[in-house]
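Colleague: Attaching a single structure in structure tokens format; questions to follow.
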Amino acid sequence: MSSLPVAAVLPELLTALDCAPQVLLSAPTGAGKSTWLPLQLLAHPGINGKIILLEPRRLAARNVAQRLAELLNEKPGDTVGYRMRAQNCVGPNTRLEVVTEGVLTRMIQRDPELSGVGLVILDEFHERSLQADLALALLLDVQQGLRDDLKLLIMSATLDNDRLQQMLPEAPVVISEGRSFPVERRYLPLPAHQRFDDAVAVATAEMLRQESGSLLLFLPGVGEIQRVQEQLASRIGSDVLLCPLYGALSLNDQRKAILPAPQGMRKVVLATNIAETSLTIEGIRLVVDCAQERVARFDPRTGLTRLITQRVSQASMTQRAGRAGRLEPGISLHLIAKEQAERAAAQSEPEILQSDLSGLLMELLQWGCSDPAQMSWLDQPPVVNLLAAKRLLQMLGALEGERLSAQGQKMAALGNDPRLAAMLVSAKNDDEAATAAKIAAILEEPPRMGNSDLGVAFSRNQPAWQQRSQQLLKRLNVRGGEADSSLIAPLLAGAFADRIARRRGQDGRYQLANGMGAMLDANDALSRHEWLIAPLLLQGSASPDARILLALLVDIDELVQRCPQLVQQSDTVEWDDAQGTLKAWRRLQIGQLTVKVQPLAKPSEDELHQAMLNGIRDKGLSVLNWTAEAEQLRLRLLCAAKWLPEYDWPAVDDESLLAALETWLLPHMTGVHSLRGLKSLDIYQALRGLLDWGMQQRLDSELPAHYTVPTGSRIAIRYHEDNPPALAVRMQEMFGEATNPTIAQGRVPLVLELLSPAQRPLQITRDLSDFWKGAYREVQKEMKGRYPKHVWPDDPANTAPTRRTKKYS
């Protein structure tokens, strides 16, 4: 094994790891970086603690762990183990854990210091999956703030060194030349007049006739794999096995595809891009590359993912071709013109730029980061995708302002997709928990093709679903409980309320509660039902309507009875074009779907406004335009009543405001004739109208919205209902302030969140004088080294404040 190419750079790599917290390793496929190097690092005395090896794909993780254990003459679970969703194989003596991406994130969240871990290896980092980017950001944060002794090795076959070196300029780069046999690369564009499946099958069969050895065929997705397999079956001899390989196959079926062909047989492995890098497939010397891939692109406008078939990057073509030269000289046939291949993008677009970021945002909030820009990213998450993620988390009740709510914290602790996590934590008893766990297991690994009825899938006892649901129940700390199909609809409705659907035609078309269209095959048995919940949707490429992949038929009356919180009641006035008059209607709605309509007598202006006020009372104050300024004014009034009770402050709790809408809101509703118009109202001014001029002055004086710090900066005070008021300010701007600022006639000290020059929290205190005299010394010592260009005086209480560095002070 020491003849492996990566062995030649082992001394250089070990020296780099001894000297630097992060090291970059570029080593082509087959160099031994996954299946040999980790054991050498395990034996290195400079690595103190366990090694965590991240593999992006489950099959690769298990295979790598199996191979590493074999080299030690052991089984997985001894020195080498693995962890992945629904499968753990580790023991008390395990020192090297091979894990998949989500598992690593959970490990970091549960133990931010990664206690007992000396080295984390990110393998196949060039794939730039969303979870790998998140893991890198979290690990760099851990190194910076908690574990400066933790080592990080980032390795890949086609490492984007330029980008990584810009982000990690001090990280040594170790390059292994690798070892591969020459691969003859041929190009053959597919005939325009021939069906894709037929043309690929013909080209593959011809390659098998001309050349010896087994063949790896790259296709965009499962549909193409199944169709090309069918076409190939009639074009090849009995000595050729056809083996599909894609992510949704069971691990056992995937393993069959990578094992050697039986004696005297050849095989064709029909694979998606799962086979590009991390898997060793025995006996391959021929590659046929269709030069296409299917990628998921998230649409933040609809909240849905669209599958796009596109040309692969040049890096992917190189990787695919390289599979033919792992064991002997090989041939790679790219089904594309050479000129087109040369015009392809150099690298694939990272997932973080085109994915649903709701899970990432929830992970960051659990980490304590409300602003993703504070983390280190190779590519910043798109703002529009983050806003869509925030909207979803708000809908699921996971947010409280800019932080996770109590429910959001429970959701984040599970590590599931946010919708599934919301469903799981909503379970009120063991039976509901068992039902939610089984639904989550099905939606995580849905049945491929076939029946779209979730109820039918729920009735099946598929082992993988059973195993996964048991794992989820363990996380929920639930023992016992029976999965009950009658509980599916209300559980789904809580997490997928926007995907409740009502039929709008006889051809399988539906409207969703969020206003979007969706479609079932007209021959699907579910399409006969008026109401569905469709948790699994895919944005169509040829139609604006989403495609329903999995749905549950619903008795809407029963659902409304069991989940009254889903229904909004609104009184509206509409023109009746036929009569030329106004008519009033009371609608019971779920989102944009009307459940029931009842006519009302023609209202007067006063009746219209009263109906609107009733609508506000039914829906709650959230239908109003609560700007941050209005929210803070309300909190100031709530706090004033507690801190200065001797004055007659108006009550502004929900119940009181709803009861007094006629007093404070109605005077501002002139000309407002719709619920939409309510959104244009200035709630800040409406609330200030509750105070006379004298009380307004008292509020602004005693509980000001801003505090002027010694530098003259006016900084917003953050008021909270149950916590002291807080002021986040850079420490240098508070120099010269000897005592802690107070408000409310000196009764309430401000909580000072003293920030570093980079706006990171350094200290939280309610006693500034005590801090200057005590804990400041430790902060000063650390910050002088980290921010030498900034002022860190010995006597901050008597030093002039500044916003600037020493150069300008």
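Positions of Cβ are set from backbone N, Cα and C atoms, glycine also.
These figures come from a predicted structure and were not determined experimentally.
Pulled the feature table from Swiss-Prot, pasting it below:
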BINDING   Ala27, Pro28, Thr29, Gly30, Ala31, Gly32, Lys33, Ser34  ATP binding site
DOMAIN    14-177  domain 'Helicase ATP-binding'
DOMAIN    195-368  domain 'Helicase C-terminal'
REGION    788-809  region 'Disordered'
MOTIF     123-126  motif 'DEFH box'
Colleague: Give me the count of other Cβ atoms within 10 A of the Cβ belonging to Pro28 (ATP binding site).
Modeller: 22
Colleague: Please give me the CB contact count at 10 A for Ala27 (ATP binding site), counting all chains in the structure.
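Modeller: Total other Cβ atoms inside 10 Å, all chains included: 25.
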Colleague: Specify the count of other C-beta atoms within 10 Å of the C-beta of Gly32 (ATP binding site).
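Modeller: I get 21 for this one.
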Colleague: An 8 Å radius from the center of the Ala27, Pro28, Thr29, Gly30, Ala31, Gly32, Lys33, Ser34 Cβ atoms defines the neighbourhood of the ATP site; name the other residues of that chain inside it, in order.
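Modeller: Neighbours within 8 Å of the Cβ centroid, excluding Ala27, Pro28, Thr29, Gly30, Ala31, Gly32, Lys33, Ser34: Leu4, Pro5, Val6, Ala157, Ser176, Gly178.
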Colleague: Tell me the residue counts in helix, strand and coil for the motif 'DEFH box' (123-126), as DSSP assigns them.
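Modeller: When I sort the residues of the motif 'DEFH box' (123-126) into the three classes, I find 2 helix, 0 strand, 2 coil.
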Colleague: Given the model, what does the mean pLDDT over the domain 'Helicase C-terminal' (195-368) come out as?
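Modeller: Reported value for the domain 'Helicase C-terminal' (195-368) is a mean pLDDT of 89.
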Colleague: Need the DSSP three-state call for Thr29 (ATP binding site) to compare against my parser.
Modeller: coil
Colleague: Please report the three-state DSSP label of Ser34 (ATP binding site).
Modeller: coil
Colleague: Looking only at Cβ atoms, how many others are within 10 Å of the one on Thr29 (ATP binding site)?
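Modeller: Total other Cβ atoms inside 10 Å, all chains included: 23.
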